[in-house]
């Protein structure tokens, strides 16, 4: 049947070269004439002259949104490439390697890299462009670099898809970045950053960090990276975003603020930490007010990390190795939150090997104050650490010192998880939201205006659908909740249309919603007047 007349996709014109029958084959075999196909023109069969037009194979690989796993199956070596369009020729590249390099060229994190930087990244990832592509895609999947909302301790940050940053809430140390110490009850644009595209944000007690698409880090609020939440460090309040000079030579893609320390992740997958190094707690010796970044020593020195998450005195790192994804933890082991089967501290990052036993490939990590969570590639959710108030979702309040699958979510394919102070949220592939743990400050979202207020502070021991978010008829893509043991918690739910809903504690304006009378919290999701699309 002629494809052009049947309504199907028009076929690509191919030249057919019919070989002369060989004398060594039978007459029957000669009736099946062998055809060789190539792209166009009078080129030698098997040659793909990319200087004039990309090959069909390369077009399919680079334009059809294939997963890296698809590329792994294409190992046919091609030594005939003449002049690929986006990069210098490499006659030893296989088709899949060339396609992977071309796809890397299209990623924002890869484009500005110099050739020597690309080669360093390639070696860190395992010596293959396919592995580099997998590393880049894994980072994009778990580090949200579009619009996002951060529910910090008493203050909040909202970043639009265009890179504009809004802040609101408590401002006692200048952590809102507006040049004042006044609270803001509505989202307010940080005007001093206009023209700079922000892609990442982090919030700690009295301080904020923003990261631009050029890898520049801006900090404001308390002028210390390592004080406790009510510590004395920080000699002054920085009321406008300032570039962190000590990170000028590091292209940063993510920051995480934990109690007593701050961590940043570089484009090449290296982790650096500020402060909290006394007694070698993070593998290096520093002072609490140290503003110089120190590389995280140990196993992760030579393993690229795609995401970091900070909790109360500990750090999780999601790493991309040639064999797959893995999670490392370092710091305080109280409650078993490091996931190694004990409650001891770790001075250097240590692999959590339980995921191999569970046959689970981690894709997203979350570090709460006292517990942690992971989402696997297959959609399973694991939690571990201190189980107080049911924050692990296993139906009890017991501690788990190794990751354990949340069985009551077995029928849910999760894509995102967020943790706070004894609180956990899970977002499904369909955009449904489940929460469990401590119900203080109405931060779980299980109170609605229709149902009354009787259940707004109830603790939940197993995952429960947040029906109040279901009723908004929007697909939720991100949840952020306060990760602090000192501040009342609040929660943000961001939808794929860019709408932001808030609930929980709002006594400092951190919800972005005006409260009336003696109100200090919102028990059900309410739309915040800011468009993040």
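Numbering starts at 1 and runs along the chain as it is shown here.
Every residue gets a Cβ built from N, Cα and C, even glycine.
Residues or ranges marked as domain 'RCC1-like' in TrEMBL: 147-481.
The annotation repeat 'RCC1' is assigned in TrEMBL to 163-214 (among others).
Positions annotated as repeat 'RCC1' by TrEMBL: 215-268 (among others).
TrEMBL lists 269-321 (among others) with the feature repeat 'RCC1'.
Counting residue by residue with DSSP, the repeat 'RCC1' (325-378) contains 8 helix, 25 strand, 21 coil. Look at TrEMBL and you will find 325-378 (among others) tagged as repeat 'RCC1'.
The feature repeat 'RCC1' is assigned by TrEMBL to 379-430 (among others).
Among the features that TrEMBL reports, repeat 'RCC1' is placed at 431-497 (among others).
Residue counts for the repeat 'RCC1' (498-533) under DSSP, helix first, then strand, then coil, are 0 helix, 13 strand, 23 coil. Positions annotated as repeat 'RCC1' by TrEMBL: 498-533 (among others).
Of the candidate ranges 163-214, 325-378, 379-430, 163-214 contributes the most Cβ pairs within a distance under 8 Å of the repeat 'RCC1' (498-533).
The average per-residue pLDDT of the prediction over the repeat 'RCC1' (498-533) is 92, rounded to a whole number. For the repeat 'RCC1' (163-214), the DSSP-based tally of helix, strand and coil residues reads 3 helix, 24 strand, 25 coil.
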